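> Reproduced below are the annotations present in TrEMBL:
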BINDING   G165, R166, S167, I231  NADP(+) binding site
DOMAIN    6-120  domain 'Tetrahydrofolate dehydrogenase/cyclohydrolase catalytic'
DOMAIN    139-280  domain 'Tetrahydrofolate dehydrogenase/cyclohydrolase NAD(P)-binding'
Amino acid sequence: MADHIINGKELVSDVRGRLKEEVERLAAEGLQPGLAVILVGEDPASAVYVRNKAKACEQVGIYSEVHRLPAETTQTELLELVHKLNAAANIHGILVQLPLPKHISEDAVIDAIAVEKDVDGFHPINVGNLSIGKPSLLPCTPAGIIEIIKRTGTSISGKRAVVIGRSNIVGKPVAMLLLRESATVTICHSRTENMKELCREADILVVAIGKPKFVTKEFVKPGAIVIDVGINRLEDGKLAGDVDFDDVVGISGPITPVPGVVGPMTITMLLQNTVQAAKALRS
Ligand code: GUN
């Protein structure tokens, strides 16, 4: 059974190894990709994510700097920092960790990031480019999901894909990317009727709904690949995905455990975007 549990360590170390070699090649040409990460406030989960991003940069030789700002930072102050980083020659990628405190407009901050440094792929121009099939910087979690699916040897073209969740960060863009790979794509969400029946038709099931253990074996076609984007803290302190892993693993095809696959692959795509942005800004 264990052979169809997707091994995140193997996947991630493979892609990061390739990136490290590319960063070394660029360094020999005098270019070191640089990433600036901005964290506003003290959200503990965000602090962990930001630390992991900085560590991953170090691992592959990307320069990184983390700007930790107090929760009371004003929108004007944050925008000033973004403008400064937009103009900084040693910075090729800018990431503002979300969520932001309520008094700051996330849209205004995302809009202020230079399009060519938007390594999250959240800027409306990058979102628009993806939706017209001319993507430049892809959002990291969706790009990582496609990478994971391809690396299991699963073909996407012509297959039925169902995405549960319609967020701007995951659901909508991953549906766009699956469509670009020529899947037949359905997006399910909290108002969807007959969700189980729709999901049971999926050859590829991507779950990003934010409800622990929501997907049970009744949602899964035997042999379907299941990608679990959820990461939820249970009352007992343990982490659980949006998929009831123990229930589904006996019937699915390749399946991602939580944690360990989608999270690290998302960070790996951030590294890849930073390298891509550095090369594009040089030319
Ligand atoms: N918070 C949760 N996921 C993300 C992400 O992908 N990017 C940013 N900037 N913040 C997040």
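Just so it is clear, glycine is given a Cβ too, placed from its N, Cα and C backbone atoms.
Remember, predicted model here, so these are calculated numbers, not experimental data.
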> Looking only at the domain 'Tetrahydrofolate dehydrogenase/cyclohydrolase NAD(P)-binding' (139-280), what is the mean pLDDT?
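The answer is 97, the mean pLDDT of the model over that range.
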> Tell me the residue counts in helix, strand and coil for the domain 'Tetrahydrofolate dehydrogenase/cyclohydrolase catalytic' (6-120), as DSSP assigns them.
61 helix, 18 strand, 36 coil
> Check I231 (NADP(+) binding site) against DSSP and tell me helix, strand or coil, would you?
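Its secondary structure by DSSP: coil.
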> From the DSSP assignment alone, can you count helix, strand and coil residues within the domain 'Tetrahydrofolate dehydrogenase/cyclohydrolase NAD(P)-binding' (139-280)?
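Going by DSSP assignments, the domain 'Tetrahydrofolate dehydrogenase/cyclohydrolase NAD(P)-binding' (139-280) contains 53 helix, 25 strand, 64 coil.
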> Which chain-mates of S167 (NADP(+) binding site) that are at least 6 residues away have a CB under 8 A from its CB, listed by sequence?
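Within the chain, S167 (NADP(+) binding site) has Cβ neighbours under 8 Å at A208.
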> Tell me the Cβ neighbour count for G165 (NADP(+) binding site), meaning other Cβ atoms within 10 Å of its Cβ, over all protein chains shown.
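Here the count is 24.
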